Amino acid sequence: MSFLRPTLALLAVTALVTTSGQLNGYSKKEVTPEDTELLQKAQSNVSAYNSDVTSRICYLKVDSLETQVVSGENYKFHVSGCSVNSDKELGGCANQNCESSKYDIVIYSQSWTNTLKVTSITPAN
């Protein structure tokens, strides 16, 4: 019977990790330099945009981040940013004095296939 204790403890921890902090499948995450680098890499590369993503913005700062584990990972960046007129202006804003708004940028990453896609850019609610 004592061999069941570690197994039950592992199951309890797994259930806790699986269910904790999930709202619509997303969990809040502290923004790391690696997360910001991922945002910059995807958001500044127009070929990484899904064809239905027509918004073009630069970002001033990352306000917060949520992640969702799927067949890879979805990153929902809540950013302050500005509309831009050309793909050359994507990524971090060169003009720090632009008229900013709040946006949500969702990036899908699957590291084992080197997939990095901007799946949506929407005005934040």
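Each residue's number is its place along the chain shown, starting with 1.
Note: Cβ is positioned from N, Cα and C throughout, glycine not excepted.
Owing to the predicted nature of the structure, the values given are computational and were not obtained by experimental measurement.
According to Swiss-Prot, the protein has these features:
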CARBOHYD  Asn45  N-linked glycosylation site
MOTIF     68-72  motif 'Secondary area of contact'
SIGNAL    1-21  signal peptide
SITE      Gly25  site 'Reactive site'
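The average pLDDT the prediction assigns to the motif 'Secondary area of contact' (68-72) is 95. DSSP assigns Asn45 (N-linked glycosylation site) to coil, not to a helix or a strand.
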